[in-house]
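Take a look at the structure below.
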Amino acid sequence: MAENLNLEQLQTPSSVFFLFGATGDLARRKLFPAIYSLYREGKLADDFAVIGVARRPRTQEEFREDVYQSIQEFCRYKAEANEEWYAFAQHFEYKALDINDVNGFRELKEQTEKIEERYHIPGNRMFYLALAPELFGSVSFNLQKGGMLEGQGWKRLVIEKPFGYDLKSAETLNEQIRQVFREEDIYRIDHYLGKEMVQNIEVIRFANAFFEPLWNNMHIANIQITLSETVGVEERGGYYDHAGALKDMGQNHMLQMLTMIAMEPPSRLLPEDIRDEKVKVLRSLRPYLNAEEVEKNVIRGQYIAGSANGQELPAYRAEDKVDPNSNTETYFATKLFVDNFRWAGVPFYIRTGKRLPVKTTEIVVEFRSMPTNVYLGQKHKLEPNLLVIRVNPMEGIYVKINAKKPGSESDIQPVAMDFCQSCMVGINSPEAYERLLHDAVRGESTYFTRWDEVASAWSFVDRIAEAWAEDPGKLSTYPAGSWGPTEADELLEKDGFHWWPVNGQDEDNVVWNK
Ligand code: BG6
């Protein structure tokens, strides 16, 4: 019998971590801090090295200073400029490189071999491309031509989204990198899969006797996934105006969360078994067959000027690097069906948008109501039971049930059972990137998206994007700081449902016993 993977027992091997795009925003905000946290928690092998690669010239000292500053600003552990820091910083080197110049890769090889000798690293190399996807192919080819993939030890490629902008471009990209790397050596990051509570979905579902038996169309009325952001497009207008909410968040984070909620229990907890179950969900998504179906089921919106917390907020079209006539959506909401036996007839509503009132990610499972014509239901309006998985920024699980109002004869009120993980004293959950880097270096691929998942998600999203392209002007608007276009509310109202308030805003309605 094949054994389940025991993550705790996976050793972290000595390796060199190559960070392409080392002077960029992702490196500064997420990757250097993640490496430092792993180091502080003893999760890196003693013999590790990091080589930052980017175009601009930088001395080793300047680069180590960049790393230090990034940790001071963004890491959950602070560094002090003492001996310990010095020892850590010695593991970092820099290489200025034009990624189209194969000679640079040959030099990189020499530099790498020296480091590997110094730290006794047996040729394990992890290439993290924090770069525009158009460059993935050239970097892969030049890694090969420059001899970086030769010799003993594993060679892995870690890449960031967006993985293409539609199925066709994703296929081209994939063909390029597959000429150099094997699928099992490619780690496609979706940072939502690195979030504590997204990983917890599996445990909540499959380790609790009172959820799994109810997890189907007999007992669940609908499932809602909300990923709301207060930010606008910041300095990313140039990228975002070509992507839009559907491709920026829908194709990846939203559909990935949906797969975790809807998948069948895998027979073993091995990466391929879990990913097989996830991809089945994506393949079971009912496609929208034509532009009318898209229009009926998918709401797209763009924010106009508005305000939040007393602050005036500009319209999307007035944002930096955004076309003043742009029809790009900054919000979308859609109703989906997973056409399999478990979920037949259960609507999944997902929504995401920029410049909404709160930053939050929550999954609400609404259970079917009790019959209204018997016993308690005859006299009372009973609220449906909810299971809420709070992903971000609050982490936890909240269950809403009905109970007798104390002191009354038979009045019923909704009460909450709440497990607030992020409220627990001393909890300092690792950041998504820490978990994902740690997994990639240990060869644990469960929480990375496999090519067939990416392709299935694009096929689904492409149909919506194509329908929108036929009629780009058909776009609802919403004031910045509001909950999105009213059409998104109507989407649920037509089915007799409504969006449940998120971020603790349902609490007024509920009695708390903490
Ligand atoms: C990124 C998107 O993938 O996720 C951004 O490109 C978005 O537009 C971000 O802001 C949200 O991530 P998080 O972890 O802050 O919710």
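Heads up, the Cβ atoms here are built off N, Cα and C, so glycines get one too.
Every protein chain shown contributes to the tally, and the Cβ of H253 (active site, proton acceptor) ends up with 23 other Cβ atoms within 10 Å. The active site, proton acceptor annotation in TrEMBL covers H253.
Around D25 (NADP(+) binding site), taking its Cβ as the centre, 12 other Cβ atoms fall within 10 Å, counting all chains. The NADP(+) binding site annotation in TrEMBL covers G21, A22, T23, G24, D25, L26, A27, R28, R55, D98, I99, K161.
Taken from TrEMBL, the feature substrate binding site applies to H191, K195, E229, D248, K354, K359. Around E229 (substrate binding site), taking its Cβ as the centre, 18 other Cβ atoms fall within 10 Å, counting all chains.
Summarising the annotation, TrEMBL assigns domain 'Glucose-6-phosphate dehydrogenase NAD-binding' to 19-200.
Taken from TrEMBL, the feature domain 'Glucose-6-phosphate dehydrogenase C-terminal' applies to 203-500.
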Neighbour count (Cβ, 10 Å) for K359 (substrate binding site): 13
Closest of H191, K195, E229, K359 to G21 (NADP(+) binding site), Cα positions, binding-site residues only: H191
The one of A27, I99 whose CB sees the fewest other CB atoms within 10 Å, among these binding-site residues: I99
H191 (substrate binding site) and A27 (NADP(+) binding site), distance between Cα atoms, whole Å: 14
Entries of R55, I99, D248, K359 (binding-site residues) sitting next to ligand 1, with Cβ under 6 Å as the cut-off: D248
